[in-house]
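A.B. asks: Could you have a look at this structure, given as structure tokens, before my questions?
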Amino acid sequence: MKQTVSHAKRLRGAISVPGDKSISHRSVLFNALAEGNAEITGFLPGADCLSSIACLRQMGVEIEHSDDKVRVFGRGLRGLREPSDVLDCGNSGTTLRLLAGLLAGQPFLSVLTGDASLRSRPQKRIVEPLRQLGAKLDGRDNGNRAPLVIRGTTIHGGNYELPIASAQVKSALLLAGLTGDAPMRLSGKIVSRDHTERMLIAMGIDLTVKDDEIVLYPPSHPVFPYPLSLHVPGDPSSATFWWVAAAIHPDAEITTLGVGLNPSRTGALDVLKAMGADITISNERNEGAEPVGDVTVRGGGLRGTRIDGDLIPRLIDEIPVLAVAAACAVGETVVADAEELRAKETDRVATVVSELTAMGATLEATPDGMIIAGGGELQGAHVQSHGDHRIAMALAVAGLVAEGETIIDEAEAVTVSYPTFWQHYAQIKEA
């Protein structure tokens, strides 16, 4: 589908963004292992999260789903059934990587695959550490590409040092460790999204988290983990599109309601504040294990900044739209230490640089990020999402301040993480 967007005279509105994608995945995957039933509201009914539900159903988990409400009938830590067919994760890297950990210690064989994009993405980052724990995984390119074959076996505890800051790798290891024969200690680069740690602790798992290590004690009691009913907060990665839209527009005020403010996810807010954005956070509260609030951003001038180091794990998915903010800012912005961008749904360094260049921005790709000159005026153009949901939405935001019309190919990609994106897009322009 092609979507045509154009310059907006002003932007106004209050938006409830869909539920957090990371938490939605975990809410169904973890509750499938619980002894009992869980009610989940605010669930993101995007294509990726629906892939997690589909895979769990193939292993005997009963799940009722209607819009943003889900009920999971847990089967217990060792109650999953061997699937009779290949588990298709669609385009969802989270589904594949978390299931790889979850299934590593289950007493059966399983095969994980996905669409062409997912099958092309490297998987050694999870396969190698899981193998070190005793897991038996194989796949194309010596396990670096899906389909992945998992022969469930005994997972060994012990010490493992994480070489990269990745919530998916960390989560895969912790899920494998739930069925382990001894405690697991993770050290190294453990600072990344911590939804897994928060949720497992809330479900009664003996997990200790310190600045330099995470220690998991496999549950010895048969009723652990407990089921966890929860409301999923709004996704800060989705909210960032509206934060940037407001920040780059001279006549804008947009509020995102009920957004998750977990410190491991608020890197984009920190960057926008450093760039000079006018941001107000109100109605702060806790919902379950997660901090939540309302975020209002008003239009104003931005300046260039540097995005690197410990910031990267806190905003890796938001870099495409932050690049739009940087293109509209005064001065240079440097993105570094973000090699992971090249292993996403697309090579997001290459796609961001090519598509924003087509709109008149000045960018230079680097091995681990990009350099954005800033200061230019964006022009409408015919651009490609490359089937990547975050690229499609970033280009739509750029189109709000570009002169003339912008035509986005494969605009339907937004449904992966934000099924109502185009409705909300029209809403803020019409307000």
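Here the Cβ of each residue, glycine as well, is placed from N, Cα and C on the backbone.
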A.B. asks: Which single residue out of Lys2, Lys210, Lys344 does Swiss-Prot record at the 3-phosphoshikimate site shared with Lys21, Ser22, Arg26, Ser166, Gln168, Ser192, Asp317?
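C.D. replies: For 3-phosphoshikimate, Swiss-Prot names Lys21, Ser22, Arg26, Ser166, Gln168, Ser192, Asp317; of Lys2, Lys210, Lys344, the listed one is Lys344.
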A.B. asks: Rounded to a whole angstrom, what is the largest C-alpha distance between any two of the residues Lys21, Gly93, Arg121, Gln168, Arg348, Arg390 that the record assigns to phosphoenolpyruvate?
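C.D. replies: So the binding residues stretch over 19 Å, Cα to Cα.
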A.B. asks: Taking Cα-Cα distance, which of the recorded positions Lys21, Ser22, Arg26, Ser166, Asp317, Lys344 are within 10 Å of Arg121 (phosphoenolpyruvate binding site)?
C.D. replies: Lys344
A.B. asks: How big is the gap, in Å, between the Cα of Gly93 (phosphoenolpyruvate binding site) and that of Lys344 (3-phosphoshikimate binding site), rounded to a whole number?
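C.D. replies: So the alpha carbons of Gly93 (phosphoenolpyruvate binding site) and Lys344 (3-phosphoshikimate binding site) sit roughly 8 Å from each other.
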A.B. asks: Out of the recorded positions listed (Lys21, Ser22, Ser166, Ser192, Asp317), which are within 10 Å of Arg390 (phosphoenolpyruvate binding site), Cα to Cα?
C.D. replies: Asp317
A.B. asks: Return only the integer: C-alpha distance in Å from Arg348 (phosphoenolpyruvate binding site) to Ser166 (3-phosphoshikimate binding site).
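C.D. replies: Between the Cα atoms of Arg348 (phosphoenolpyruvate binding site) and Ser166 (3-phosphoshikimate binding site), the distance comes to 17 Å.
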A.B. asks: Filter the binding-site residues Ser22, Ser166, Lys344 down to those whose C-alpha lies within 10 angstroms of the C-alpha of Asp317 (active site, proton acceptor); answer none if the list is empty.
C.D. replies: Lys344
A.B. asks: Specify the count of other C-beta atoms within 10 Å of the C-beta of Asp317 (active site, proton acceptor).
C.D. replies: 24
